[in-house]
Each structure stands twice: as structure tokens, then as C-alpha cells.
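Here's the structure, in C-alpha cells; my notes come after.
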There are 2 protein chains.
Amino acid sequence: MTQYKIPNATIKRLPLYYRYFQFLDDSNKQKISSNELAQALQIDSATIRRDFSYFGSLGKRGYGYDIKLMLGFFKELLNQDKTANVALVGVGNLGSALLNYNFSQTNNIKIVEAFDKNPKIIGETVHDVPVYDIADVKQHLKEQNIDVVILSVPVKSAQQVTKQLVAADVRGILNFTPLRLSTPDSIRVHNVDLANELQTLIYFLNNYN
Amino acid sequence: MTQYKIPNATIKRLPLYYRYFQFLDDSNKQKISSNELAQALQIDSATIRRDFSYFGSLGKRGYGYDIKLMLGFFKELLNQDKTANVALVGVGNLGSALLNYNFSQTNNIKIVEAFDKNPKIIGETVHDVPVYDIADVKQHLKEQNIDVVILSVPVKSAQQVTKQLVAADVRGILNFTPLRLSTPDSIRVHNVDLANELQTLIYFLNNYN
């Protein structure tokens with residue numbers, strides 16, 4: 001599939017569409033109108049239609065969207081039929097919390113191994129996930145064929161650990177540290193900063209409205 | 001402070017600036033050049049200068065930024081001198097993980113109470129945070145003077161619980177459910193979808209590069 005012209009904003013909405021159709025299907029709904037969809041997702045219907053148009057014509061005028069069809073479509077598009085195995089680096093407070101969560105609401109993402117430098121937890125199992133020495137990260141990732149890593153180390157070691165991940169041929173990093181990582185262009189980094197999200201929300205509430 | 005013209009993108013970077021200056025100060029650094037800052041944050045220096053310009057002239061040409069001064073400035077701007085108390089609703093897998101995390105890397109955000117509808121955990125303490133009946137949410141939020149809530153309930157009850165939060169005069173919701181909530185305009189909702197972030201990252205890796 002070549003989709004080089006699809007905007008990033010559209011791609012970021014794909015999992016949302018997928019999960020909403022999953023939810024509708026779980027609720028035994030059969031179809032949904034464009035307007036209902038727009039209202040439920042809080043995205044205006046022109047945007048939804050434009051998003052869907054990148055993948056061909058998915059709805060029927062006057063009928064709306066067939067939920068099973070849409071679900072199947074997004075499932076394939078997002079490779080939801082196979083589980084994506086990922087690793088987590090940094091089993092501290094947040095890392096341990098993420099291992100506990102382990103994306104349990106979605107059945108296609110799984111953290112299968114974790115890494116740390118703390119000898120006290122190396123060799124242990126945290127929330128059913130084995131913890132290995134970060135020094136051996138390259139070997140373990142290779143064995144499990146994993147190239148996507150969740151980074152939840154303390155900010156002070158974030159860049160140093162990133163170097164190790166680069167050397168281990170990681171392709172994607174979901175960065176939970178507040179540091180903006182310096183990486184080669186070939187590596188894709190997405191930043192998630194929970195404290196940042198909450199601080200920003202509070203800032204808006206304090207300074208606007 | 002009236003800052004009605006500050007772009008959202010700038011506001012979203014404020015906590016990042018704050019935390020980086022905090023990090024520099026912790027490392028006993030005294031000043032940083034505009035270019036070093038740009039490189040460390042992976043934000044181009046023109047953007048940083050423009051961001052800072054909304055708050056007046058913060059750096060000195062040829063000197064760079066005085067870290068203590070900048071830290072003090074952002075601390076005040078983000079109200080970091082006082083702790084922001086928030087509540088969490090939905091003590092499931094993710095909710096419990098967030099209670100365990102409890103923003104411990106930042107010392108100014110604290111989840112002080114949690115809510116659920118499960119009688120088995122109502123009245124209990126989860127990771128040092130008391131769990132109350134969601135039916136009593138209005139009373140407890142009033143008592144604690146809390147109007148910002150983290151929502152981590154299952155997607156199926158997200159909208160119903162949101163109605164209860166609206167009735168409890170909540171002003172801000174950090175929404176960890178994949179559902180786009182329907183709320184009055186007076187309520188600010190920020191969406192954080194961890195599975196979405198990871199799926200998007202994986203989608204990019206599978207379809208680009």
C-alpha cells in the first residue's frame with residue numbers, strides 16, 4: 001500500500017476511528033451515519049469524509065457507514081490482525097505502571113520484555129513481564145524481533161539510554177520522558193509527556209475562560 | 001496576566017521549557033545559549049525565541065539565558081509554586097497505574113482522591129489515594145476544591161461518567177479513554193490515548209521509511 005500523501009493528522013486519527021468502530025461493533029450496531037460519527041468522535045464530518053477519502057470511498061450516500069466493513073478495513077490498515085510486540089525501557093514508577101496497564105484494552109499491542117540497569121530488578125518479572133539488563137538490550141530485541149520501544153527512564157539517563165537503543169537498531173521510540181531525544185533521522189520518536197498534558201490543561205484553565 | 005494572543009502550540013511547550021530549566025538548574029548550570037537550548041529541546045531556535053517573545057524579552061543577546069531567572073519565570077507562569085490537586089475517576093488497570101505513578105517526577109501535581117463505582121474498592125486506599133463512590137463525586141470534589149479530573153474509566157461508561165463530572169462542576173478533564181467526550185463548551189477536555197500513540201507510531205514505521 002503506498003499512502004505517501006496521507007497527512008499526519010489523518011494518520012493520528014486512524015486508531016481513533018478503528019477503536020470507535022470496534023466499540024460500535026461490540027455494541028452490535030450495524031451502521032452509523034456520517035453525522036452521528038462526527039458527533040460521537042467530536043470531529044467535524046468534513047474532516048472525517050476527507051480522512052476516509054484517502055482510502056477510497058468507504059461510505060454510501062444516504063446509508064452511512066457499514067460498521068463491520070469499516071472495522072475490517074481499519075483493522076487491516078492498522079495491522080490489527082497481528083499483535084505488535086514492543087519493549088519497555090526503564091522499570092521505575094511510570095514504567096512499572098505501564099507494564100501493569102500493558103495496553104490491556106487493545107488486544108494487539110503487548111509489552112513482552114522490559115529493560116533496566118538496576119540489579120535489584122534485573123532477572124525479575126514485573127507484572128508478568130521479564131526485566132533484562134539494559135546492557136543486553138540489543139541481543140534481546142533481536143531475539144524477539146522487536147524494533148519499537150517505550151522509553152520511561154529518568155530524564156537524566158534518557159539520552160544515554162537512547163544511544164544504546166540506536167545501537168540496538170531500534171526504529172521507533174515512544175518517549176515518556178520530558179527530554180526531547182537527539183536521534184538519527186532514521187528513528188521515529190513520538191513524545192508523550194503526562195505531566196506536561198496535565199500542566200497544559202491546568203494552565204489553560206487558570207489563564208483563559 | 002492577560003495572554004489572550006499566545007498560540008496553543010506555545011502554551012503546550014511551556015511545561016517543556018519549565019522542566020528543562022529545572023533540569024539544568026538541578027545540574028548546577030548557570031546559563032545556556034539559544035542554540036544549545038534549541039538543540040537540547042529539538043525545537044528550532046526561531047520558534048523558541050518567538051515563544052519567549054510572548055512573555056517579554058527573556059534572554060540577553062550574546063549571553064543566552066540565565067537559568068535561575070528563566071526557571072523562576074516559568075515557575076511563576078505555570079503556578080509551580082503551589083501544588084495542583086486533581087482527582088482520578090476510574091480505578092481500573094490504567095487508573096491504578098496512574099495512581100501509582102502519581103506524577104512523582106513533578107512535585108506540583110498530585111492526585112489526592114479517586115472515584116469508582118466498584119463496591120469492592122470504594123472505601124479502600126489504592127497507592128495511598130482514597131477511593132470514593134462515584135455517586136458522591138460532587139461532594140468530595142467540592143470539599144477538596146478540585147475541578148480538574150483525570151478520566152480513566154472503560155470506554156463504555158466514559159460518556160455517562162462525564163455527565164456526572166459536568167454536574168459536579170468540573171472545569172477540566174484529562175481524558176485517557178479513546179472516546180471523544182461530549183461536554184459543554186465551558187469544560188476543557190484534553191485527550192491522551194496511550195494505545196493510539198503507540199499504534200500511530202507503529203503505523204508510521206510500517207508504512208513509511
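Here the Cβ of each residue, glycine as well, is placed from N, Cα and C on the backbone.
Non-local neighbours of the DNA-binding region (A:16-55) in the same chain are 3, 5-6, 10, 63-68, 70-71, 73-75, 77-78, 80, 106; each lies 6+ residues outside the stretch with a CB under 8 Å from one of its CB atoms. Per TrEMBL, the feature DNA-binding region maps to A:16-55.
Residues annotated as NAD(+) binding site in TrEMBL: A:G90, A:V91, A:G92, A:N93, A:L94, A:G95. Of all Cβ atoms in the protein chains displayed, 18 besides its own lie within 10 Å of the Cβ of A:N93 (NAD(+) binding site).
Per TrEMBL, domain 'CoA-binding' is recorded for A:79-180. Averaged across the domain 'CoA-binding' (A:79-180), pLDDT for the predicted model comes to 91.
Summarised by DSSP class, the composition of the domain 'CoA-binding' (A:79-180) is 33 helix, 29 strand, 40 coil. Checking the binding-site residues A:V91, A:N93, A:L94 against chain B with a Cβ-Cβ cut-off under 8 Å leaves A:N93, A:L94.
Within the set of binding-site residues (A:G92, A:G95), the lowest number of other Cβ atoms found within 10 Å of a Cβ is recorded at A:G92. There are 26 other Cβ atoms within 10 Å of the Cβ belonging to A:G90 (NAD(+) binding site).
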